[in-house]
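Peer 1: According to TrEMBL:
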BINDING   H196, E301  Fe(2+) binding site
Amino acid sequence: MEQSKTGILLVNLGSPDSYEPADLKVYLREFLTDKRVIDFPTPIRKALVEGIILPIRPKESAEAYELIWWDEGSPLIVITQRVIDKLQKRLGEQVPIAMGMRYGNPSIEAGFDELMEKNPDLERVFMVPLYPQYAMATTETVIEKAKEVWLKKYPHLEMITKDAFYDDPQYVKALGESIRPYIEEHDIDHLMFSYHGVPERHIKKRDITGDHCLKCEDCCNVNSPAHTFCYRHQDVKTTQNVAEYLDLDNKDFSYSFAFQSKLGIDPWLTPATDNELVRLAEEGVKKVAVCCPAFISDCIETLEEIGIRGKEDFVEAGGDDLILIPCVNDDDLWIDALETWCADMLKPAEAVA
Ligand SMILES: C=CC1=C(C)c2cc3[nH]c(cc4nc(cc5[nH]c(cc1n2)c(C)c5CCC(=O)O)C(CCC(=O)O)=C4C)c(C)c3C=C
Ligand SMILES: [Fe+2]
Ligand SMILES: [Fe+2]
């Protein structure tokens, strides 16, 4: 069968090759020397990463990764491959699809190479960064890395990128339906939306108006062009979209949102998930369900940080149980959303225009 001239590149964050500390060191070095993740001037970033983080963190992280590692490999990579397999069935074998990881293997470059091997006459690539909300450390760094590879190796290709999709109705439906069984079948007191945190500085840096984000009262609920690149606004909006979809304001449990995974001493977005879990338990919440909508695929940050450590902290503070709600992973409704976006790109050029 003739191969399609449009290829699909799904890009996720990445994982170490194994949970051995040596592999963790390689992976964390690449990850944390990204200037869109630790945005200090290069010499300071390098000194911090090489001098303080890498001597300590790989061993600690290796222990955490070992707890969540699957027989088939890193959950994030395995799940991304399952998504590709399902999408391939939907779109047909004639459509080249590949995965690329922003850090670690397979790299974004390997993803481009795979697409070109599948069809050497490829004309364009539709890249989907698997992040619902825009941030320097999510969509932006993926786009910049892909641009580097594209210009170096395949400048003749047309490149089209999917924007952050927190507001896409099919994504909201997939996320909402992934949460529904956990709020209907478990007698919960509270639903928490836990987003990956970022330093406040990242939010201010990407404020295109210069005076909106974290500068005016309730900024994320005041209309502004800054919201196109405001990770916090897009998290707030994700929560509101799901709340509306699931009618959360009329349930007999409460809900809230918070930010997890703080690293370092700079101010990050608040409230912090770990503090909030303790506060909720101390205030009498017995059963909490936690969803993690900054992540498309379950990974160390959901399975270990929330599912293991978060649960321990919550129970220690007086709660009975914490239920971790799985990410959309390879749910059929999520594949529906991807299929719609890809099918639009696979239409003949004149139909897209
Ligand atoms: C130091 C700063 C970090 C920023 C800023 C950051 C932003 C950010 N990250 C994700 C998604 C993921 N992060 C993951 C792991 C992870 N993140 C950081 C640091 C920052 N992230 C570290 C040090 C680690 C490694 C964890 C460890 O070693 O203990 C993962 C999991 C990958 C996996 O293989 O499981 C994801 C996914 C987002 C969405 C984001 C900004 C919004
Ligand atoms: Fe992270
Ligand atoms: Fe905002």
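Sequential numbering from 1, following the chain as shown.
Cβ coordinates come from backbone N, Cα and C, glycine included.
As the structure is a computational prediction, the values presented were derived from the model and not from experiment.
Show me how these features fit into the structure around them.
Peer 2: With a 10 A radius on its CB, H196 (Fe(2+) binding site) counts 27 other CB atoms from all the protein chains. DSSP assigns H196 (Fe(2+) binding site) to a strand segment in the three-state reduction.
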Peer 1: Around the C-beta of E301 (Fe(2+) binding site), how many further C-beta atoms are within 10 angstroms, looking at every protein chain?
Peer 2: 20
Peer 1: Please classify the secondary structure at E301 (Fe(2+) binding site) using three-state DSSP.
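Peer 2: Its secondary structure by DSSP: helix.
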